[in-house]
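TrEMBL annotations:
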- A:1-202: domain 'Cytochrome b/b6 N-terminal region profile' (DOMAIN)
- A:24-46: transmembrane segment (TRANSMEM)
- A:67-92: transmembrane segment (TRANSMEM)
- A:His76, A:His175: heme b b562 binding site (BINDING)
- A:His90, A:His189: heme b b566 binding site (BINDING)
- A:104-126: transmembrane segment (TRANSMEM)
- A:133-158: transmembrane segment (TRANSMEM)
- A:173-193: transmembrane segment (TRANSMEM)
- A:His194: ubiquinone binding site (BINDING)
- A:203-373: domain 'Cytochrome b/b6 C-terminal region profile' (DOMAIN)
- A:223-243: transmembrane segment (TRANSMEM)
- A:281-301: transmembrane segment (TRANSMEM)
- A:313-333: transmembrane segment (TRANSMEM)
- A:339-359: transmembrane segment (TRANSMEM)
Amino acid sequence: HPLIKLINQTLIDLPTPSNISACWNFGSLLGLTLLIQILTGVFLMMHFSSGDTMAFSSVAYTSREVWFGWLIRGLHMNGASLFFMFIFLHIGRGLYYASYLHESTWNVGVIMLLLLMATAFMGYVLPWGQMSFWGATVITNLLSATPYVGSTVVPWIWGGPSVDNATLMRFTALHFILPFALLASLVTHLIFLHERGSFNPLGVNSNTDKIPFHPYYTLKDTLGAALAASALLTLALYLPTLLSDPENFTQANSMITPTHIKPEWYFLFAYAILRSTPNKLGGVLAMFSSILILLLMPFLHTTKQQPMSTRPMSQLLFWALVLDFFVLTWIGGQPVNSTYILMGQTASVLYFAIILILMPTIGLLENKMTSFIYTISPR
Amino acid sequence: MGPEFGRLAYVRHIITYTLSPFEQRPFAKYFSVGLPNLWRRFRGQVFRVAPLFLAGYAVYSWAIEEEQRLKRKNPADYVNDE
């Protein structure tokens with residue numbers, strides 16, 4: 001039977017390396033989180049009204065009056081944070097173990113990251129709080145920096161002269177439909193991955209030592225899912241507003257600008273890079289480049305060894321990049337003061353320097369230092 | 001889709017022996033060997049990870065103190081004011 005054969009080839013008899021670590025759990029966790037977001041999102045949509053006069057109060061109604069509406073909303077809000085945490089860890093795994101050498105899988109993954117970011121950005125606008133409105137205003141205004149067409153494109157996106165009811169309604173529609181585009185990309189991502197099989201932490205060809213996905217990795221992924229569910233429930237039940245901005249408890253008001261406009265935590269690193277560049281168009285380009293640079297990773301891989309498991313100098317640079325990411329995230333949430341301006345600019349330059357210059361250079365150095373030739377095994 | 005079991009690799013002259021899972025203790029030496037191994041793995045990585053994050057924390061706490069200092073006036077500047 002073709003459907004059973006498909007499920008069997010993907011989840012049961014799939015040959016999987018015997019040594020993939022916990023870092024390989026994030027793929028399945030991302031799929032699970034997407035499912036949670038779609039389910040909770042559909043239930044939230046049943047009670048949401050997308051007009052600007054009704055949106056805020058419909059979300060409050062859902063949280064207060066709908067049976068377990070507070071829980072569904074808590075799961076959806078914190079599920080988004082968990083989604084980004086997992087995707088950052090998943091990308092980190094990809095950088096450390098050079099998974100980007102599966103180019104087609106990697107490129108589809110970058111498209112999925114962009115879709116996720118678009119979905120999350122638009123989803124945050126829907127409750128129509130102060131930060132929803134002003135965050136949307138700031139970020140959509142950035143597109144006006146585009147030469148020639150910028151001033152035309154922005155009102156076209158808004159559906160009017162400013163972020164208003166038309167913007168909210170189209171963001172509602174797009175926020176609903178994009179996760180299904182994400183789902184389609186997920187299927188493509190898995191098709192490309194399963195053509196070659198998963199990689200492994202040692203960096204060797206694992207075709208001689210593969211085990212079936214079921215029961216080993218169904219069980220391991222179930223454990224990962226249980227831990228992730230615990231994290232999500234802890235957030236949703238005990239600390240539902242830990243990661244959110246208190247400004248969003250106030251309804252959107254175009255006449256009152258919040259003192260500190262900032263996006264949710266998962267966009268802060270890009271926000272810091274944006275604010276660190278004095279030029280408006282330069283800032284926009286730097287911000288988009290910080291994500292799109294991932295597409296360049298296969299071409300920046302200069303070393304003959306695939307993973308960083310046996311490359312200590314590259315490991316140091318990797319952790320420096322992780323630290324830099326944390327610094328950028330922190331700076332993105334801070335007000336623009338002299339101390340933080342300098343740190344943000346330094347961290348932004350370091351981010352690109354590590355990826356574009358330092359890592360490839362260290363890779364070449366490591367080639368010279370190793371005494372054996374290690375070639376990447378064809379599958 | 002992709003190679004299946006039986007078409008993965010051609011290996012000659014390799015003989016593998018396995019024990020039935022029913023003949024094994026699943027958590028044998030979990031603590032007596034596992035904990036020292038955990039320490040060994042930690043020691044192997046800690047000096048590549050921790051120094052950077054300690055330096056990062058030092059910079060973070062300096063930045064916060066510096067920002068607080070810049071927001072405050074220096075009392076010594078106003079000591080002789082009437």
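First residue shown is number 1, and so on along the chain.
Including glycine, each Cβ sits where the backbone N, Cα and C put it.
Predicted automatically and left uncurated, TrEMBL annotations should be read as such.
Applying an under-8 Å Cβ distance to chain B, the binding-site residues A:His76, A:His90, A:His175, A:His189, A:His194 reduce to A:His194. Packing around A:His76 (heme b b562 binding site) is summarised by its Cβ count: 19 other Cβ atoms lie within 10 angstroms of its Cβ, all protein chains included.
Note: the CA-CA distance between A:His90 (heme b b566 binding site) and A:His76 (heme b b562 binding site) rounds to 20 Å. Non-local neighbours of the transmembrane segment (A:104-126) in the same chain are 41, 48, 50, 55, 59, 80, 83-84, 87, 90-91, 94, 132-133, 135-136, 139, 163, 167-168, 171-172, 174-175, 178-179, 181-182, 185-186, 188-189, 192-193, 196, 263-264, 266-267, 291-292, 294-295, 297-298; each lies 6+ residues outside the stretch with a CB under 8 Å from one of its CB atoms. The number of other CB atoms found within 10 A of the CB of A:His90 (heme b b566 binding site), across every protein chain shown, is 20. The distance from the Cα of A:His194 (ubiquinone binding site) to the Cα of A:His175 (heme b b562 binding site) comes to 29 Å.
A:His189 (heme b b566 binding site) is 21 Å away from A:His175 (heme b b562 binding site) when you measure Cα to Cα. Local packing around the binding-site residues A:His189, A:His194 was summarised as the count of other Cβ atoms within 10 Å of each Cβ; on this measure the leading residue is A:His189. A simple way to gauge crowding: the CB of A:His175 (heme b b562 binding site) has 21 other CB atoms within 10 angstroms, across all the protein chains here.
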